[in-house]
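Have a look at the structure below before the remarks.
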Amino acid sequence: MATSPQKSPLVPKSPTPKSPPSRKKDDSFLGKLGGTLARRKKAKEVSEFQEEGMNAINLPLSPISFELDPEDTLLEENEVRTMVDPNSRNDPKLQELMKVLIDWINDVLVGERIIVKDLAEDLYDGQVLQKLFEKLESEKLNVAEVTQSEIAQKQKLQTVLEKINETLKLPPRSIKWNVDSVHAKNLVAILHLLVALSQYFRAPIRLPDHVSIQVVVVQKREGILQSRQIQEEITGNTEALSGRHERDAFDTLFDHAPDKLNVVKKTLITFVNKHLNKLNLEVTELETQFADGVYLVLLMGLLEGYFVPLHSFFLTPDSFEQKVLNVSFAFELMQDGGLEKPKPRPEDIVNCDLKSTLRVLYNLFTKYRNVE
């Protein structure tokens with residue numbers, strides 16, 4: 001039964017007119033009705049809240065709402081298959097990432113007369129991955145050049161991926177690709193693989209930050225296809241991963257002042273040629289002609305006034321490793337000359353990363369610009 005609110009002793013009492021008996025009866029009825037309605041409302045809210053909670057759990061496993069490829073519907077009971085949400089493929093950052101990776105692969109394989117147009121369609125059989133890894137690592141793999149059957153393709157892919165994983169030295173849980181996923185043209189697995197390769201070999205490219213893909217996980221339960229969606233991160237903070245998270249003047253030049261960047265390049269070319277001309281050497285392309293480390297080593301000898309014994313470095317390096325050793329040796333000579341350890345990695349220079357090369361040469365210019 002509804003009760004009257006307790007009166008505060010601080011509030012002065014005011015005369016209250018007496019209500020007729022019939023009004024008291026009405027108040028009692030309305031009070032009961034109000035209590036019933038309140039309880040019903042509360043029960044309804046609880047029911048709605050419970051339904052909302054159940055929907056949050058069950059909706060990810062609701063029947064799929066878009067058309068699947070016929071092959072993706074041929075699942076055994078409880079079998080699980082993942083695929084990219086078709087709507088996610090149109091994401092601008094994902095499109096940018098795929099374009100950057102395709103352009104990078106085509107640049108690396110320009111001498112092989114290989115042109116990649118679609119990552120999933122062109123990389124699934126292992127042929128392009130083999131050529132890409134051989135170029136990056138300067139190592140020939142012992143695999144068949146051409147494979148037609150699915151079994152032969154998977155065997156080749158197995159060998160290529162094992163070699164890649166051995167080189168990358170990633171912990172098992174960080175390896176998000178395998179023979180089956182790559183051969184099945186799983187875009188998520190292929191992107192993870194290419195991003196890992198580009199970061200390990202310090203590819204001279206800029207991957208877009210924080211690229212994610214909406215992945216649909218399809219499962220067959222009691223004869224019905226059900227799905228749930230998860231957000232798969234492909235790239236995080238790519239500058240932090242590559243060790244270039246501290247922005248400097250060269251980041252600003254590249255991003256906002258390409259005209260001034262050309263002036264800096266011409267200044268550095270003039271500076272290095274002033275000294276390399278003494279050996280009848282000349283530089284026209286900064287990013288490529290310093291990539292094997294030879295000119296860097298010779299330049300340090302000229303700037304410091306000593307002869308670098310030819311047995312100390314590879315005069316004609318023919319592998320990625322030898323080029324890295326040359327650049328590392330040049331970095332040691334720079335530190336011996338009083339310079340701080342260069343921020344770029346030797347691999348950055350070998351991979352023709354222009355920004356990294358400019359950083360190294362500008363440090364030399366700052367210290368030795370008055371040397372004749």
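Heads up, the Cβ atoms here are built off N, Cα and C, so glycines get one too.
According to Swiss-Prot, the protein has these features:
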DOMAIN    95-202  domain 'Calponin-homology (CH) 1'
MOD_RES   ALA2  N-acetylalanine
MOD_RES   SER8  phosphoserine
MOD_RES   SER14  phosphoserine
MOD_RES   SER19  phosphoserine
MOD_RES   SER28  phosphoserine
MOD_RES   SER62  phosphoserine
REGION    1-31  region 'Disordered'
REGION    21-25  region 'Interaction with ARHGAP31'
REGION    223-372  region 'Required for interaction with TESK1 and ILK'
Give me the mean pLDDT over the region 'Interaction with ARHGAP31' (21-25), rounded to a whole number.
46
Reported in the order helix, strand, coil, what are the DSSP residue counts of the domain 'Calponin-homology (CH) 1' (95-202)?
74 helix, 0 strand, 34 coil
